[in-house]
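*Asks:* Mind looking over this structure? Questions follow.
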Amino acid sequence: MHYPPAVASRVEAARISRWIDRFAAMTEPGHGVTRLAYSPLEREAHALFAAEMTALGLTVKTDAAGNTIAELAPTGDEGDAAEHAPAIGTGSHLDSVPEGGRFDGIAGVVAGMEVARIAVEEDVQRRRPWRFVAFASEEGARFGQACNGSRMIAGLTRSADLHALHDANGVTMAQAMMQVGLAPESVDSARWRADDWFAFVEMHIEQGGVLESKGTPVGIVDTISGSTRLQATLLGQASHTGGTPMRLRKDALVAASECVLACQAIATDPEHHGTRVTVGRLEVFPGSITTIPGKVVFTVDVRDVDSDRQRRTSEALASAFERISAARGTTLAVEVIGDTSPVVLPSWIVDEIAAGAADVGLAYRVLPSGASHDSQQINRVVPAGMIFVPSRDGLSHVPEEFTRAEELADGATVLLRTMVRLDAAA
Ligand code: GLV
Ligand code: MN
Ligand code: MN
């Protein structure tokens, strides 16, 4: 098949860069970008996306879960048959972790905006509807569970579940959604129908250092890691730091510290080789210089591309915490606050992306994703694929997160080519 080279050359790095800047400006004050899941700032970002897509002439709607979906109708005069052909789509998320970067999620949404602009301006021929999606609440940083908007689309999180998920301040996901004008009681209506879709491709920054270290501009994801998230609460006895002899203490922080080291030991044990375990949040109560910590709450994030090992590691961690807590005289409760399996993405989409990269002369390598992504959930309903672009120094979820505009443009070019290919595929 022949693709006009002009289409690829119309991807503009400078325009991509300007959109990245505009989204980055929507942040709470402080370091980096803070635009949390189901916050008013996240909604503002969705409104900006919706306004631009509407201005380009797309039909835009926001579903009950807060996902914004913009549709570009097929071209030509095939009429109803094309209107109802299974769609192809692309998209990513607009929320961030606390003090995160400017690119995680945003890069994929902005690449989609650029593809939409070119499709409209260049009148790129389409046999299928093309959909551009900004997913809601992808980051698990606020509510523990990640990919919430896409999980609701896939029917993996239902209306009734939204009262059980809560943030560190006790605000449930249902409450947070209502506060920003969404409809938690209706999220089951956000589900996508498999027969309405043909394929979905998400562009995202790599969030690791493989592409940069190999000097490869494009990554194609074959597997997305799973994650199990635990929240452990250790209860000891708070008391006076001067009055209580060391041998009589039930110090919850000392027990928690041993648990953190156990995470490191278990993750690096050959039996769990490949698992990534992190304690990213640890709160000490009452948090006073002169009181022995009586309570500690900490989270554990277990990531793996091997689903069996992911769960075995999580169980080994919970058992180790039990042993440590018993030996320290504290009591322990462990709650699973998120659990998602790894996903192998369909090889035919990997092949289409590879062909798209080859069309535009960009080198690629196939690699796994250590991070979670909306495509992981979407793949339950629609065959999905992912395009990665390099992350400088492999950094992500931090203000230093960076990808050059030209690298984003390369990714968007491959995305456009892949959309054209998928549009033509039977
Ligand atoms: C999503 O960004 C994740 O935490 O993997
Ligand atoms: Mn992301
Ligand atoms: Mn992220």
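We number each residue from 1, going along the chain as drawn.
The backbone N, Cα and C atoms fix where each Cβ goes, and this holds for glycine too.
Remember, TrEMBL labels are computer predictions, not curated facts.
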*Asks:* The Zn(2+) 1 site in TrEMBL includes HIS93, HIS204. Which of ASP77, ASP104, ASP195 is also listed there?
*Replies:* ASP104
*Asks:* List, in sequence order, the residues of the same chain other than HIS93, ASP104, HIS204 whose Cβ lies within 8 Å of the centroid of the Cβ atoms of the recorded Zn(2+) 1 site.
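*Replies:* Result: SER92, PHE103, GLY105, ILE106, ALA107, GLY108, GLU138, ILE205, HIS373, ASP374.
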*Asks:* Here the binding-site residues are ASP104, GLU139; which one has the lowest number of other Cβ atoms no more than 10 Å from its Cβ?
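*Replies:* Fewest other Cβ atoms within 10 Å, among the binding-site residues ASP104, GLU139, is found for GLU139.
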*Asks:* Starting from the Zn(2+) 2 site formed by ASP104, GLU139, HIS397, give every other residue of that chain whose CB sits within 8 Å of the mean position of their CB atoms, in sequence order.
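*Replies:* My list of surrounding residues reads SER96, VAL97, GLY100, GLY101, GLY105, GLU138, ALA141, GLN207, ALA371, SER396.
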*Asks:* Ligand 2: which of the binding-site residues ASP104, GLU139, HIS397 have a Cβ closer than 6 angstroms to it?
*Replies:* ASP104
*Asks:* Let me spell it out: for each of the binding-site residues (HIS204, HIS397), count the other Cβ atoms within 10 Å of that residue's Cβ, using every protein chain shown. Which one has the most?
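*Replies:* Counting every other Cβ within 10 Å of each candidate, the maximum falls on HIS204.
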*Asks:* For the binding-site residues HIS93, ASP104, GLU139, HIS204, which residues place their CB under 6 A from an atom of ligand 3?
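*Replies:* Only ASP104, GLU139 qualify.
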*Asks:* Do me a favour and check the Cα-Cα span between HIS397 (Zn(2+) 2 binding site) and ASP104 (Zn(2+) 1 binding site); whole Å is fine.
*Replies:* 7
